[in-house]
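Asks: For 55-385, the entry in Swiss-Prot reads ATP binding site, with the evidence type sequence analysis.
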């Protein structure tokens, strides 16, 4: 089965939608406008207290697969790394990707997760230097919008022609390969390179091998131009790829430009161009005795004269990082250049930003801490996918992950969790913010002793830590903790809120959802957004239209009219019909007795009954609910309920 066929056969994938569509920002929360406004006011004032969330359960970016990325194993297509994963999955343990760190250097980091999905409505970005990126509209690139503005992450959909996208110019090689290369140990071994794999191997080699490979590439594929620039012409299956040459040049601090020309309607000629000043530097590197330089272990960066070039170059060739320098782009023959030759970033003008009406499988990586990786045929800094709680996003922005600890008390209940994990996180050092956040879900599952220990911890670390506790029942949280928190009580979601998000998800997943199917989902959810989303995903697995019949079948929920028929028959004295309808719900529909009680309670005031009869029905429902809760037989109690209604006539 092809990838497209597989996608059509299983439109819902293997993702868990309640995680996929969990609100990432306060603006994404449906149906709790007043609570969101209060929370936002704390954040706007930079005065976040301890918080206690109480309420019922359930209230409350990417590139295409052919995109090459720089890893500790060389250049690999991201589609090969992620594979056929749908949604998030753990990343391979031995994988590292090249990422831009906060101090402006490039390092190799372990990604925590990989991500894959089908997506339509892509965005294509083209630059003056020949870079072409096809990404989802929300995927972010590092952009500078004007001459004197700082770089910011901008979604692809908001990028326009004239902006400057930042690309990697000085790339390190992985620390484990620095100084040696299993495939090519010295320059003599690259004297005859017959295919792309050898070039790829030399990309991860020591400086001797990389410089020797570049020398061979110049001999075989390059020509000097009248303006002093150098042009590599690549055509045919046995020439190195554009990405290999571009990345190889970037490991020695040289930015390149890519152009392509279609000839004979079927053959494409690619060219890699480096400007005159970088050509001179490359020639100096080729003439340098790198064995002597490496032996001296020179690491001093000096940029005051041309004679210092070898010292400067060696420092970023032999380490896992690069120097950080300011840069100001200026035009020279259509190519933008950094203000100094040692800047790790290169500014490239966006020429085209266009929407594509196409559907493709897209991929991403999550790199903790730095949240970016180097990718593209010409190395470009790209943002990665991430998700977190809305408040952490609002307070810390992109730095939420280093300042948030999430625990679930129902999984890890007891006093040891409070004493160990929470205290260790609260004590660990951090900088740049007044406090960190510890989020404890289902806090009402903690024992009283654990809550007492938590209260002492909240007091001890009040200066640098804020706690957010979530629970279903605030009455199960001890008073000393409640008194230290701003309490937010989340009400069950309205039908309008559930209807709105359910429709949005159906549209995002290309699901045909009928109006009666939507009504059934809202009814079955009963104010629980998680149940609505789970029910929608379950109904969509059939690959058919999600209608009323599908929803009631999937959720084992009785239609409101079936409940009304049963109750009305009992009140009219037709116990036989009422009992038969009850049997249908228990046996054919597969409902539990407790679920029938819940539906009776929810629909009592919507039935066409007078007030006295409704009160009597609710009284009987309460009695049956209590008896079933303490262990009585469900069918016996429900039949007794119907009999009592019939007996009053």
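Just so you know, the numbers here start at 1 and follow the chain as drawn.
The backbone N, Cα and C atoms fix where each Cβ goes, and this holds for glycine too.
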Asks: Under 8 Å between C-beta atoms and at least six apart in sequence, can you list the same-chain neighbours of residue 97 (ATP binding site), or say none if there are none?
Replies: 69, 70, 71, 72, 108, 109, 111, 365, 367, 373, 374
Asks: Tell me, by DSSP, whether residue 139 (ATP binding site) is helix, strand or coil?
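Replies: Coil, per DSSP.
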Asks: Using all protein chains shown, find which of the binding-site residues 139, 223, 349 scores highest when you count other CB atoms within 10 A of its CB.
Replies: 139
Asks: Which of the three DSSP states, helix, strand or coil, fits residue 223 (ATP binding site)?
Replies: strand
